[in-house]
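TrEMBL annotations:
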{"type": "TRANSMEM", "residues": "12-31", "note": "transmembrane segment"}
{"type": "TRANSMEM", "residues": "67-91", "note": "transmembrane segment"}
{"type": "TRANSMEM", "residues": "112-132", "note": "transmembrane segment"}
{"type": "DOMAIN", "residues": "147-239", "note": "domain 'CAAX prenyl protease 2/Lysostaphin resistance protein A-like'"}
{"type": "TRANSMEM", "residues": "148-166", "note": "transmembrane segment"}
{"type": "TRANSMEM", "residues": "178-197", "note": "transmembrane segment"}
{"type": "TRANSMEM", "residues": "203-221", "note": "transmembrane segment"}
{"type": "TRANSMEM", "residues": "242-261", "note": "transmembrane segment"}
{"type": "TRANSMEM", "residues": "273-293", "note": "transmembrane segment"}
Amino acid sequence: MRKLFKNRYGLVRSGWIVIICMALFYALTGLTSTLCVEILRKILVLTGDINDAAGYMSSFALAVDDALPVVLQILMELVIILLSLCVWKIMRYQWRDLGLRDFRKRFKKDGATGLLLGFGACSLIFFILILTNSVCIDSVRPAFSPSLFWWIVTMLLVGFAEELFCRGLLMSVLRRSNNIYLIMALPSVIFGGIHLFNPGVTVLSLVNIILVGIVFSYSYYKSGNLWMCIGYHITWNIFQSIVYGMPVSGLNISSIMTSHYPAANLLNGGDFGIEGGILTTCVNVLLFLYLLYRYRTSTYEFLPDPHINSQGTSDSRRG
């Protein structure tokens, strides 16, 4: 029975930790969302801003309703970040082993590169869509608004939280398996699964998300830090949605440009957005080839698990 839960080094098997993390992920994000909605509703009923019997909602209640999606998204991303950090602390690992290493040095190099690549990849796809009449620009509204600001904050948090959880936490936990294929594949599949119930999801959109997850996993595996993944994720989301006005993973939000697809096709990805299109597949492959070249001389060793010392025994003093 002991072998079912612990490996030969006396450490809890990574599979159990991943299961616990996913259970906490869905429980905490679901609870946060439900509590937030119910608490806000009760407050608005008490203040008279909502009257169910009369079917009345005040202008303030309507404003709260409009702001609710971004508020919920921010809260859920903060929960994911706190969950990742708390699990890591409980497991007594060092922060650098979570991929948050050498910020000043690595962010300038890997993080800045990721930001540039995310912007470039998204912009390239957008301009190809324009040239092929697969997207039409309706208007440009450069005016700044509170809604736009909070969606930018949201996208910053999404990029950081999803990479911290899927790559930083899950990949790092899976070091205990000592199986690099599992380490790269499982978090990528989970990353795709997180988007499974988004509006407009298709088989190709899930394939693309899993594929970019593998690309990001390779970056972390070869560099030991998450900054390139985080940078790419942030600018990809921001330019796709807030700048160019396209759906991001099936969601439509406040944007500088307003655009629409004349018809859903294999290039624009339809309701899910460009992440459901074949152009994103091509970009993911090109990004992977670039990373193969970038890290061709990397000497970073992702394995073994930091709790296993050079003699192949458990070192419980780490952390």
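Backbone N, Cα and C atoms are what each Cβ position is placed from, and that goes for glycine too.
Curation does not apply to TrEMBL; its annotations are automatic.
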Intrachain neighbours beyond the transmembrane segment (273-293), with Cβ under 8 angstroms and 6 or more residues off its ends: 117, 121-122, 124-126, 128-129, 200-202, 204-205, 207-209, 211-212, 214-215, 218-219, 222, 232, 240-241, 246-250, 265-267
Within-chain partners of the transmembrane segment (203-221) [C-beta distance under 8 Å, separation at least 6 from its ends]: 99, 110, 163, 166-168, 171, 180, 183-185, 187-189, 191-192, 195-196, 228-229, 232-233, 249-250, 266, 269, 272, 275-278, 280-281, 284-285, 287-288, 291-292, 295, 302
Residue distribution over DSSP helix, strand and coil in the domain 'CAAX prenyl protease 2/Lysostaphin resistance protein A-like' (147-239): 80 helix, 0 strand, 13 coil
Positions on the same chain near the transmembrane segment (178-197), where near means CB under 8 A and six or more residues out: 18, 22, 162, 166-167, 170-171, 205-207, 209-211, 213-214, 216-218, 221, 249-250, 302-305
Residues of the parent chain within Cβ reach of the transmembrane segment (12-31), under 8 Å, 6 or more residues beyond its termini: 4-6, 76, 79-80, 83, 87, 91, 165, 169-170, 173-177, 186, 190
